[in-house]
Amino acid sequence: MGEAVQYNGKITRFVLLSCVIAATGSGLMFGYGTGVTGGVASMGSFLEKFFPGIYRKMNGKKEVNIYCKFDSQLLTFFTSSLFISGLVATFLASPVTRAWGRKASILIGGAAFIAGSALGGAAENIYMLIFSRLLLGIGFGFTNQSVPLYLSEMAPPRHRGAFNSGFQLCLSCGILISYLVNYNIEKIKGGWGWRVSLALAALPASILTISTPFLPETPNSLVQQGNQEKAKRMLQKIRGTADVEAEFDDLIAANNASKTIKHPFKNIFQRKYRPQLVMSIAIPFFQQVTGINVIAFYAPILFRTIGSGVSASLLSSVVTGIAGLSMVILSLLIVDKVGRRALFHIGGVLMFVPQMIIGGIMAAKLGDQGGLSQGYSISVLVLICSYLAGFGLSWGPLGWLVTSEIFPLEIRSAAQSITVATSFLFTFIVAQTFLAMLCHFKARIFFFFGVWVVLMTGYVYVLLPETKDVPLETMDTIWREHWFWKRFVGDGAEYEGK
């Protein structure tokens, strides 16, 4: 389904270096910025300064339900606030990406993230802390809107999955680095280590911001801006061959179609774009309700809930980070061979089973005031690693990959904004409500997310066609040949139901 004639070209050092810089800077920035939060929020010195009520609850003599020790809307807003500004920023990024290119959005995002990191490290009150998170969100909004597009447009179609999965690989590296930093700085005497953790987020953002002016613009973006000769030369350079006529002709045709779209946010609601609109909302929604950000944000808090000390909980987070990163690497190596759908299905099973067992162990053995024995704690750690392995193989990299490759050029920036905004919206909702849900659902929280894993795996099986090996400019063929979506995008569909 959706097979197309392959274009000429190979993986050149030029395109490899460009994509590595973009993916590394943005992925590390995003991964570190999200991963550092839970570890910092579990440190006594940080809680004592900004959330004294939680600090007293943790260290007081009065017995408190272990599931509710961290239940604070202000603490969760510290974690989730960046996704509100990120949601707004991604819609601001769309016209920038469309009119001035992918590099412009990347540059703005990197600069905002540097400012937010510096302010977070220097924060003296809760207002400075929250404002720093809002600046980080602007950085997330701009870079997450533009970098996946940049990687998909630069990559040769046969290797697009591996190139785009590089973003998730770097994101996972960023999360792991944040866990390692938190584990080591927690031992600093004087209680100021959390400042180092928050401020170090500026390092990957600085690498990205400094490097971006030297990156090439994508041929798709150059054509979109009217620079066809420059676009062709760039295409020849990144493909390593002068014979790029087939790909360039498809690129020009896609651009000509895009010129008829004056208002991409309005036109994406046309009937012929129905599958892309649905996927731009459904895939990021499902990615968030896997429960992944429960682990990414709150792993140290979760491990402290089951009875680990601060250092032990941070070390456990490092172990889970290694597990997730390992499977992202595997996904990167095999995604263009086995396809997207197969990895979605395998990942669904690998996520569902551990969630059910973890919920069962915590319900049967943890209680409201007690902790787990060492054996059960190790079992939960292994199961969380298994869950993260499933996510790293599937919904982690594929959630960004598939949504960056299925949109036609005329609605690409708008659709990617909807994808990022949906992701940020539901990340905010999950992050903001998780500690309260943990307090009320207790162990049943894992059953809740497990049900969503079943639903999303079934959704992919029924409604998502395979995109492996299909060039971006001919991606519409997969919808025209799909048993369900062809009724929206088949012959004459573009004239109906606008």
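Quick reminder: no glycine exception, Cβ is built from N, Cα and C everywhere.
Nobody curates TrEMBL annotations by hand; they come from automatic prediction.
Quick look at what TrEMBL lists:
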- 12-33: transmembrane segment (TRANSMEM)
- 19-468: domain 'Major facilitator superfamily (MFS) profile' (DOMAIN)
- 74-92: transmembrane segment (TRANSMEM)
- 104-123: transmembrane segment (TRANSMEM)
- 163-181: transmembrane segment (TRANSMEM)
- 277-301: transmembrane segment (TRANSMEM)
- 313-335: transmembrane segment (TRANSMEM)
- 342-364: transmembrane segment (TRANSMEM)
- 376-402: transmembrane segment (TRANSMEM)
- 414-438: transmembrane segment (TRANSMEM)
- 444-464: transmembrane segment (TRANSMEM)
**Prompt:** Near the transmembrane segment (12-33), which residues from the same chain, at least 6 beyond its ends, have a CB less than 8 A from one of its CBs?
**Reply:** 82, 106, 109-110, 113, 117, 136, 139-140, 143-144, 147, 150-151, 154-156, 163, 166-178, 200-201, 204-205, 207-209, 211-212, 215-216, 237-240
**Message:** Can the transmembrane segment (313-335) be said to touch the transmembrane segment (104-123) if we require at least 3 CB pairs below 8 Å and skip pairs under 6 apart in sequence?
**Reply:** no
**Sequence-remote partners of the transmembrane segment (163-181) [C-beta within less than 8 Å, at least six residues beyond its ends]** = 19-20, 23-24, 26-36, 39, 147-148, 151-152, 154-155, 196-197, 200, 204, 296, 299, 314, 317-318, 320-322, 324-325, 328-329, 331-332, 335, 392, 396-398, 400-401, 404-405
**Fill in**
Per the Cβ filter (under 8 Å) with a sequence gap of at least 6 from its ends, the transmembrane segment (74-92) is approached by 33, 37-38, 41, 50-51, 54, 109, 112, 116, 126, 129-130, 133-142, 144-145, 297-298, 417, 420-421, 424-425, 427-428, 431-436
**Request:** Determine which residues of the chain contact the transmembrane segment (342-364) at the Cβ level, with the cut-off under 8 Å and only residues 6 or more beyond its ends counted.
**Result:** 290-291, 306, 331, 334-335, 372, 376, 379-380, 383-384, 386-387, 389-391, 393-395, 398, 442-447, 449-450, 453-454, 456-457, 460-461, 464
